[in-house]
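To start, the structure under review is shown below, and the notes come after it.
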């Protein structure tokens, strides 16, 4: 599964990406997880199975949902508490539910 995260500058989610990768690894799952800034999404969405937005870029949801629909990629906003506490396991679970992967 390829999980693309979007944040304001592509940097604020780097710790969350690390925590998600660790959680996936502990579960024996071979996922690719990366973060980009909002203006870079179009260059990466073709490689993604799901697209998750950081709460700080929630305002981009309508625009990115349209893009996701045109590419067959489900889009949602990361739970604010899970994002704020850097809960990689819960964000990973959300991505799997969004992408219908167990």
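Using the three backbone atoms N, Cα and C, a Cβ is placed for every residue, glycine included.
What Swiss-Prot says about this one:
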- 1-102: domain 'PTS EIIB type-3' (DOMAIN)
- 7: active site, phosphocysteine intermediate (ACT_SITE)
- 37: phosphoserine (MOD_RES)
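Between the CA atoms of the residue listed as 'active site, phosphocysteine intermediate' and residue 37 (phosphoserine) there is a gap of 5 Å, rounded to the nearest whole number. Other C-beta atoms found within 10 angstroms of the C-beta of the residue listed as 'active site, phosphocysteine intermediate' number 23, with every protein chain shown included. Secondary structure of the domain 'PTS EIIB type-3' (1-102) per DSSP (helix as H, G, I; strand as E, B; remaining residues coil): 56 helix, 19 strand, 27 coil.
Its own atom aside, the Cβ of the residue listed as 'phosphoserine' has 15 Cβ atoms within 10 angstroms in the protein chains shown.
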